[in-house]
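Sequence annotations record features per position, and here TrEMBL assigns transmembrane segment to 12-31, 43-63, 69-92, 101-123, 129-147, 154-173.
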Amino acid sequence: MDIDREHAFGLFGSISAFILLLSPLPTFIHIWKKKSVEKFSAFPYIVAFLNCGLWLLYGLPWIQQQRSLLMMTINGLALAIEMVYLMLFVLYSKKEKRMKILFIILSEIVFIVSLAILVATLVHCHKKRSTIVGTSCIVANILMYASPLTIMTANVMGAILGLLQLMLYVTYYEYT
């Protein structure tokens, strides 16, 4: 079987993505056993759901002119896995958190469907469709990889601002 370099890298990327998708499995086994999400955040999985939905959209033939079966397959599988993770969050969350998660997921679905409809009806060139949806994918991808940092962001920002304050103090101390 002759596999060209592009397909080999695509296959390697898909296998790597699948392994990455399974990395939160211990967390969800813990949630399932405890029947509680405890202090775990749903945010990384909500953003991953959006990311996978957008990349699945990007791989569709009316967005991408070239063959994107591998991209559609891994992102379809990823979307299904993220749905299972989010269902566990919804199942084992308190009512107010559950409603918030469901609202955000519904909003993401509406966003993806709206983007698909708008791009399909208003943009008549594959290249422009690909650019618009691809840009959305890149933004969602960055958000997905940054999302676990939300746990520490407030502390990091406080530390950075405190450091800046100290630097200003040291810089202008002799002038006061």
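Keep in mind that glycine also has a Cβ here, set from the backbone N, Cα and C atoms.
Touching of the transmembrane segment (69-92) and the transmembrane segment (12-31) is concluded from the presence of at least three CB pairs under 8 A, sequence neighbours closer than 6 excluded. Same-chain neighbours of the transmembrane segment (129-147): 43-44, 47-48, 50-51, 54-55, 57-58, 62-65, 115, 119-120, 123, counting only residues six or more beyond its ends whose CB sits under 8 Å from a CB of the stretch.
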